[in-house]
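These features come from TrEMBL:
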- 1-24: signal peptide (SIGNAL)
- 28-107: coiled coil (COILED)
- 154-209: coiled coil (COILED)
- 249-367: domain 'NlpC/P60' (DOMAIN)
Amino acid sequence: MIKTSKTVIFAVALALVTQISVMAAPVSSEAQTQQSQLEENKNALKDAEGKGAELERSIEKLDSQIEGFMMEIDKNKEGIAQTEKDINKSKEEIIKVEEELSKQQGILDNRIRSTYISGQSNYLKVLLEAEGFSDAIARIEAIRKIISIDQKVMSDLDLKKEEVENKKTALEDKHNELLLLETENENKLVSLNNDIASQKVLIEEVKAQEKLFSSKVNEAQALVQPTIDAVKKIRTEAPSYEVSRGTAPVSDGNVIAYASNFLGTPYLWGGTSPSTGFDCSGFTQYVYAHFGINIGRTTYDQINDGYEVSKDALQAGDLVFFGANNNPTHMGIYIGNNTYMHSPRTGDVLKISPMTRTDYITGRRVK
């Protein structure tokens, strides 16, 4: 009887285990599918984030190239303006030389005409009419001086002619230089417009990527929010300085307080003013100029200003640079809490961002 009961219990247990195994199979399979989908979503999100960051850097590089082109164009314009001044000055000098040349030519023509009319016999007559040896010597010396003057007039005339020819040649060279500068400007503008067109495409791609990981964008905003709150506090506690040019006492808090006045200012290629917009280096230069500290105009200049500080020793107000070692493409002002204030790229505004990007180069202290 006991043996029979054990057999029944074992059979029931076996049936239950079999049933549970059968029921668990689809549940486990569904969980694996969900887990797999989750991993795929995570990978897709990671790829989207990576592509978004890559596109941001591409735009920054284009901005940097465009700024370089614009500086070259401005430099060429200055060269063209200077060349035009030189041309006008050369024209005025040529007019003066030609007037002097005409005057000298008239003197020589009169001398030649007089000699032609009177002939060389005029000199002989002068010698024959001499009253004694001393008088003859004096007359010979006078004749020698006249001939020397004639030769000098002719020599000066030749030099003046050569001077005019040289000035005309220089004028032609200046004109050719002007045409070359204009051609360079036109080519740079074509390249600039091509870059701008490429940039617009990249900006649209960035916007699409941002939509894909909008939750991550919100997380990034959450990271910088404490810093934004701290900046507001600094602005409240720091001495009040007007947003204008001038020299003010420099300190970490003052730099951040003043710089924060320009949050929301649109990015502008080559921009150096809050009224029109800033590029990344125009913003940092403008801020430090307010405190009487002169730093370079471009990212390439400013990466050599001040002295280097390691990333773990950064202080509020230090300049931070991104890109490649030999090609810094972006920069901003470190404000603490692993965040920085910067004018990022075309289509964006001056803002505070976490320093989570992977292309950090170095920090520089200029105050």
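Cβ coordinates are placed from backbone N, Cα and C, and glycine is handled just like the others.
Bear in mind that TrEMBL entries carry predicted annotations, made automatically and left uncurated.
Residues of the domain 'NlpC/P60' (249-367) grouped by DSSP class, helix first, strand second and coil last, total 29 helix, 41 strand, 49 coil.
Per-residue confidence over the coiled coil (28-107) averages out at a pLDDT of 71.
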